[in-house]
Amino acid sequence: MSTKEHLSLDTSSSFLPTWFQKRSKSKERYEYNSESVIRWGFTKLWPNIHSFLIFLLPSFISNRYSKTPPRYSLKSTSWLDGLRGIACLLVYSYHFHGSCFPTMREPWDYKMNNGYIALPIIRILHSGDTMVAIFFIISGFALSIKSVKALKGLTSFENGHALSKDLASSVCRRYLRLVLPCAGSFLLVGLFASAGWFEAVPYNGENETWLRGGMISPRAPMQESLYKQAVWVLGDYYKYAVDVVLFNDSIGYRWETNSHLWTIPMEFRESLYVFLMILGLSNFKRWARVRLVLPLCVIIGLYNGSWQFALFMLGFLLAEIHATLEDDENYLSLGTANGTKKSVYDRHPRVFSFLKVTALTVGLYLGSYPIRAPLPHEASGFSLLTAWTPPSHVYTENHGPVYFWAGVGAGMIVASVVFLPVIQKLLCSGVCQYLGRISFSLYLIHGPLLQSLGYSLLLATWGIMGVGKLFGSERSPNDPTDKDVQNLENWKIVTTWFVFAINTTVTVWVSDIFWRAFDAPSVKFTRWLEKKFI
């Protein structure tokens, strides 16, 4: 027998039992099918996995991999988005640094609180109340600008019908536009709380000492299981979305899930006031709206303590002015003897430019008013402003005259920007516009990320550098001497800024994802739902 025949005989399975032959073929078929299934599944799932991984990248990177990347065109009011983005970023900075440096709430004093960051105008970089006031003005502006333009052409039944249709649409969509993205924030908080990420720094209310008097916000309590955590978050969201936002009943609500969402109920309520005012003033002549009714609403609202109402009305007023500037190149026109128009800017350009810059500077100064009202002997001129504060703005432990002066300062800032195209151009830059797109998402999720990642990193880095010896939770017989305190304070500043850089990067990244996952889809959903009922 040849070698070839011998090999053929050995490799043949004819001499094997029948049951073994069937088993071998079945095994080969099974292995072949398993590989095919794995290969088929990987081929089918990989595009979805790849898309998900691309989705997790920031939008300015993921758009490069998209066949149809979104294009964002600039409009005459796009600078509002940029201003909103900057203001939101400064609110986040205020909450972060306010947790670490309690002196940020104090007025500048050449003896005690004499850091450069506490100086007037520079303080605007961490004046959270002023930034919130800017939010309210921008909201009033953005909600009314379309109707204001329609009011200018309100000369026929068709135009009047279009105005009422736009107002009805805005009223219907406003509630869901505000509370639906908040649901994503509540979901995020529930996951963080269930994972125990908030427990790195336990919350003890007013007795908190680890941050040496810093602002520690309440956080959601950790439940026994993920199911109980979900039930708790769902119940808390219902209380917030229905009781607090819809019916304006916050009595007994503990603000444990996200205390930074206290502005949303005000946004909803004042938005309805704006829509009501637009409808009520639609038959008024423009001079009556701009020169009489709206200024009175702003002045009376600020004086009587309804600062959020006043700021939304100021946004309405600035929208009227902006619409006029768009139509008239020679804005703020004055009548002349021969009937032609000549603007104030053309007649006195230097004076008008000086007034614009002065208004912006004064607005930055007033917006720098500290949270704690200055005492008469303290410097920087704010003590005089305290004496001029209307009595309706009663001083409390956390806020007081700051609401009034922050509102006045924010109003002067936004009003001056309306007349400053140079600043508008800066606010239309790519970075500012990007921050504007993610601003609402950044506002919704910066608190949970600060209380989890931010606090954990602060606690770790301060422990490594020995900064924890400054705080009561780590007091011991070997406390630092006065000579060492300044050195530790310097290390505290360095490590805090280091953590701030890391936490800011992560917060902006997650805000970008949150914007595409919750915020933008909620806008599309509200429009889709509205069309289903029309």
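From the backbone N, Cα and C atoms, a Cβ is placed for every residue, glycine too.
For the domain 'Acyltransferase 3' (78-515), the model gives a mean pLDDT of 84. Feature annotation from TrEMBL assigns domain 'Acyltransferase 3' to 78-515.
Listed by sequence, the residues of this chain that lie at least six past the ends of the transmembrane segment (116-143) yet keep a Cβ under 8 A from its Cβ atoms are 77, 80, 83-84, 87-88, 90-91, 93-95, 97-98, 103-104, 106-108, 170, 263, 266-267, 270-271, 274-275, 307-308, 311-316, 318-319, 322, 361, 364-365, 367-371, 380-382, 399, 402-403, 406-407, 409-411, 413-414. Residues or ranges marked as transmembrane segment in TrEMBL: 116-143 (among others).
Taken from TrEMBL, the feature transmembrane segment covers 175-198 (among others). Below 8 angstroms of C-beta separation, residues 219-223, 225-226, 229-230, 232-233, 236-237, 240-241, 245-246, 257-258, 261, 264, 267-268, 440-441, 444-445, 448, 451-453, 456, 514, 517-519, 522-523, 525-526, 529 of the same chain, each at least six residues beyond the ends of the transmembrane segment (175-198), sit close to that stretch.
Sequence-distant contacts of the transmembrane segment (293-319), counting only residues of its own chain at least 6 positions beyond either end whose CB sits under 8 Å from a CB of the stretch, comprise 133, 136-145, 148, 266, 270-271, 273-274, 277-278, 281, 284, 390, 392-393, 403-404, 407-408, 410-411, 414-415, 418. Feature annotation from TrEMBL assigns transmembrane segment to 293-319 (among others).
Positions annotated as transmembrane segment by TrEMBL: 402-423 (among others).
What TrEMBL lists as transmembrane segment is 443-465 (among others).
Annotated transmembrane segment per TrEMBL: 497-518 (among others), in sequence order.
Here the transmembrane segment (497-518) has Cβ contacts under 8 Å with residues 55-56, 58-59, 92-93, 96-97, 180-181, 183-184, 188, 437-438, 440-442, 444-446, 449-450, 453-454, 457-458, 461 of the same chain, all six or more residues outside its ends.
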